[in-house]
């Protein structure tokens, strides 16, 4: 029976894999800019890597907004390099009880600006053309690559977005020369290790920020993070005042910043936390602790909390876009889809994430009106405000 069952499962898996196209395009960004993607390897010579005598190396993706008139040619490129796609597919297969579609990540593509007019430099004039730089820290044990569509969508609204991998934390980091560092060292079943790994992310963030500011020393800086990356946002803002504003996408908080909060500097640092499904500060002790600390220590500091009751934790990732563009919602099955991404279509979630992120950073980095952050909008009923 075991052999027969294995054969049947293999046949089903092969049928499912053959049902997806050899490649499919993730949603094209809806903003006014085309987007260029640069894959960069950065070496921090001032730090040793974890349990190593070698300097710490990072991989980042930099998404640059390019005015349409300066983009000569677009190209559809793989979202994931081969080894990353293979490992992440295997992890998703195991986590979903076999309901994930093998080969889905390898088949995904994003459309990028592949050729920019000569003379247009993305980091010229020392201020990145007045375009803010947003740093993005991914979820725990999660590659930056599963935020490519979200980063590209935000970038298309007029932001340089830099997504970061955190080696030994991230499931897999694939370097330009083919070197691979696998992760999984951040164990959420052992909370005592999380402040350490949170601090590693903060150090990575400060290093990447320093590199970005070498060519754009006057650029305005913000930060976003999902899940464990959301904790890195708060801690990085407390550590480095150059980060003027930040958004935490559905992440629990770790480290001393929870008890100090933001608002102790002369320069304001607006902070937005955005939960999904039932997650909010009334059921997350770390969020509540931060809120009370800021109300006590910095009562005038700008902070707000949003929610997406119909969303899921992975609404703030590319999983909805990958599933919808790959046409596999029905293949994966309603029960698994409900847990993984919920019912909100990717096109819709990408749109409201983009516009709320845009209004927040226009307000916090440029002093414009709060826009959608003023309160509930009939145009985006999925997004709720918590008192």
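Each residue, glycine too, has its Cβ placed from N, Cα and C.
In Swiss-Prot this protein carries:
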- 1-17: signal peptide (SIGNAL)
- 51: N-linked glycosylation site (CARBOHYD)
- 141: N-linked glycosylation site (CARBOHYD)
- 227: active site, nucleophile (ACT_SITE)
- 250: active site, charge relay system (ACT_SITE)
- 283: N-linked glycosylation site (CARBOHYD)
- 313: active site, charge relay system (ACT_SITE)
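Annotated features, which come from Swiss-Prot, shown on the structure.
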| residue | record | Cβ neighbours (10 Å) |
| --- | --- | --- |
| 51 | N-linked glycosylation site | 7 |
| 141 | N-linked glycosylation site | 21 |
| 227 | active site, nucleophile | 23 |
| 250 | active site, charge relay system | 27 |
| 283 | N-linked glycosylation site | 10 |
| 313 | active site, charge relay system | 21 |
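In three-state terms derived from DSSP, residue 313 (active site, charge relay system) belongs to a helical segment. For the pair residue 250 (active site, charge relay system) and residue 283 (N-linked glycosylation site), the C-alpha distance works out to 12 angstrom. When the Cα of the residue listed as 'active site, nucleophile' is compared against those of the recorded positions 51, 141, 283, 313, the shortest separation belongs to 313.
If you take the Cα of residue 141 (N-linked glycosylation site) and the Cα of residue 51 (N-linked glycosylation site), they are about 18 angstrom apart, rounded to a whole number. A separation of roughly 15 Å, to the nearest angstrom, links the Cα atoms of residue 283 (N-linked glycosylation site) and residue 313 (active site, charge relay system).
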